[in-house]
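Marked as GTP binding site by TrEMBL: 6-14, G47, 103-106, 149-150. According to TrEMBL, the feature Mg(2+) binding site maps to D8, T13, T29.
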Amino acid sequence: MILFLGLDNAGKTTLLHRLVQHHPTQYPTSEELSIGKIKFKAFDLGGHQIARRVWKDYYAKVDAVVYLVDAYDKERFAESKKELDALLSDEALADVPFLILGNKIDIPYGASEDELRYHFCLTGITTGKGKVNLVDSNVRTFEVFMCSIVRKMGYGDGFEWVSQYIK
Ligand SMILES: Nc1nc2c(ncn2[C@@H]2O[C@H](COP(=O)(O)OP(=O)(O)OP(=O)(O)O)[C@@H](O)[C@H]2O)c(=O)[nH]1
């Protein structure tokens with residue numbers, strides 16, 4: 001299962017719907033869909049402690065986390081970082097690859113990738129784009145990709161990257 005997480009308004013539902021467009025035979029609810037064997041579920045974080053309790057039930061089945069950030073909403077970066085840090089430091093998710101998507105780059109004056117990395121303290125510590133073999137290393141696999149879900153830009157590269165780490 002792939003979990004889509006992030007603050008409310010980050011773009012999770014929009015991303016799910018985009019994925020469905022490529023698979024028109026699926027009829028998902030807004031929070032859940034499956035493509036072949038892979039299931040996708042989306043949950044809002046931040047203030048929603050109930051949601052957290054619910055999706056923790058899925059931990060054992062999580063193949064990857066797609067963490068969405070609204071790159072335009074800089075005022076909520078600290079809040080979003082707090083949620084991401086909690087996830088990244090969670091023992092139960094230690095072996096789970098994280099695709100961090102900085103969304104809404106179609107809006108002018110949003111954060112650039114460098115800015116987003118700076119504010120989320122991700123500068124120089126992610127594991128690398130492209131094909132990086134991490135099989136024998138103990139590091140957590142995570143990387144940042146910028147995207148515009150409405151313009152269908154950027155997230156494809158992110159999914160391609162993360163798919164190499166899904167067993
Ligand atoms: N400009 C722009 N807007 C986007 C993009 N992706 C999503 N949005 C908008 O952002 C708003 C929130 O998107 P959602 O997909 O509902 O966000 P969510 O993370 O599912 O949040 P909840 O609906 O609160 O669960 C909507 O108005 C979307 O149209 C994008 O790439 N660019």
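Every residue gets a Cβ built from N, Cα and C, even glycine.
Note that the structure is predicted; figures quoted are calculated from it, not measured.
Shown on the structure are the features that TrEMBL records.
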residue	record	DSSP (3 states)
G6	GTP binding site	strand
K12	GTP binding site	helix
N103	GTP binding site	strand
I149	GTP binding site	coil
Tell me, how many other CB atoms lie within 10 A of the CB of K12 (GTP binding site), whichever protein chain they belong to?
-> 28
Do you know offhand how many angstrom separate I149 (GTP binding site) and T13 (Mg(2+) binding site) by C-alpha?
-> 10
What Cα-Cα separation, expressed in whole Å, is found between G6 (GTP binding site) and T13 (Mg(2+) binding site)?
-> 11
Specify the count of other C-beta atoms within 10 Å of the C-beta of N103 (GTP binding site).
-> 28
